[in-house]
Amino acid sequence: GSKCPFSDDTVAMVIVTRENRNRDFYTLQTLRNHDEFKKKAITRPVVFITHGFTSSATVESFVDLQTAILEXXXXKVTVSDWRVAACNRTTGLLYYVTAVSNTRLVGRYIATVTKKLVTDYNVSMADIRLIGHSLGAHVSGFAGKEVQKLKLEKYSEIIGLDPAGPSFESNDCAERLCKTDAHYVQIIHTSKKFGIEKSIGHVDFYVNQGNNQPGCGIIPLKDVCSHSRAITYMTECIKRECCLIGIPQSKSSKSISSCTRQECVCVGLKAKSYPNTGSFYVPVESTAPFCNNKGKII
């Protein structure tokens, strides 16, 4: 049998709200035990965060991201923890293939939870946003396809944090995260070795040309560090308005200081309020908080 099986019991929802940060684990069956799910309706926007291969919801970078979202936006965060199906007990890349095949199933699971939120708790699809890292970005895409099959509206937004490249780069839309999976799909590219290179969203941000993130040191850790840096960048962009500004790739010689709201786009939860779409180059500093805007807000 598979070393990293998928079943509904191997995926847990870690529900984090401003009032309750216990990071308790829930399944579809036990959701109703959470205070938030004892109510008739959930009135706050919901964010699903999904991790990648060999990871889990309790990794420090995800906890930082959850905290930033709770503090900056009045949202309710649901983290899909599929560590078993993501093979976090094994490191062999042999298991990557299994984790890849599990992404569609975990996506379907998130779609099922979404339907429950909409039908039982009066949540509007316009208030649901998905954020996924690596394989979790494709999980979010599959969830986006599934909710449409369930005859629900599209999700308002999917944010793909360095979506996994291996096994996905050459796939067509139906087999990976795609811009039709939500009303707005925002992608942050940070690693060519582990991340997808092609543009697959409404906006694709190529931080430091989408590879070798500054401050990530030497190979082989450089690639792993660059790949996970996408999570850190998003966290900083939630904490600090316009922390990272993207310049249209066709005008990459342009300076951040000459950026206007019409042309450039700020990475983060407000990206979709900017008119421009396409591929953007994002220069970046080499130390936290990595912001490139020098205090400028567009």
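Any Cβ shown, glycine's included, is placed from N, Cα and C.
Computed from a predicted structure; not experimentally measured.
Taken from Swiss-Prot, the feature active site, nucleophile covers Ser134. Secondary structure at Ser134 (active site, nucleophile), as computed by DSSP, is coil. Taking the Cβ of Ser134 (active site, nucleophile) as centre and 10 Å as the limit, one finds 31 other Cβ atoms among all the protein chains shown.
There are 30 other CB atoms within 10 A of the CB of Asp162 (active site, charge relay system), with all protein chains counted. Sequence annotations record features per position, and here Swiss-Prot assigns active site, charge relay system to Asp162 (among others) based on sequence analysis.
Residue environment of His227 (active site, charge relay system) contains 25 other Cβ atoms, counted within 10 Å of its Cβ in all protein chains. The active site, charge relay system annotation in Swiss-Prot covers His227 (among others), and the record cites sequence analysis as its basis.
Here Swiss-Prot flags Cys4-Cys87 (among others) as disulfide bond.
If you look up Swiss-Prot, you'll see Cys173-Cys178 (among others) marked as disulfide bond. Under the DSSP three-state reduction, Cys178 (disulfide bond) is assigned to coil, being neither helix nor strand.
The disulfide bond feature in Swiss-Prot is assigned to Cys216-Cys225 (among others). In sequence order, Gln213, Cys216, Gly217 are the residues of the chain that are 6 or more apart from Cys225 (disulfide bond) and have a CB within less than 8 Å of its CB.
Annotation source Swiss-Prot lists disulfide bond at Cys242-Cys266 (among others). Spatially close to Cys242 (disulfide bond) yet at least six residues away along the chain are Cys266, Gly268, Asn293, Lys296, Ile297, Ile298, judged by Cβ distances under 8 angstroms.
Around Cys243 (disulfide bond), a 10 Å sphere centred on its CB holds 23 further CB atoms from the protein chains shown. Feature annotation from Swiss-Prot assigns disulfide bond to Cys243-Cys291 (among others); the stated evidence is similarity to another entry.
Within 10 Å of the C-beta atom of Cys259 (disulfide bond) sit 21 other C-beta atoms, taking all shown protein chains into account. The disulfide bond feature in Swiss-Prot is assigned to Cys259-Cys264 (among others); the stated evidence is similarity to another entry.
Residues or ranges marked as N-linked glycosylation site in Swiss-Prot: Asn88 (among others).
Residues annotated as N-linked glycosylation site in Swiss-Prot, with sequence analysis given as evidence: Asn122 (among others). Around the Cβ of Asn122 (N-linked glycosylation site), 12 further Cβ atoms fall within 10 Å across all displayed protein chains.
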Distant-in-sequence Cβ neighbours of Cys178 (disulfide bond), under 8 Å, six or more positions away: Gly141, Val185, Ile200
Secondary structure at Cys173 (disulfide bond), reduced by DSSP to three states: helix
Among Cys173, Cys216, Cys266, Cys291, the most crowded of the disulfide-bonded residues [Cβ within 10 Å]: Cys266
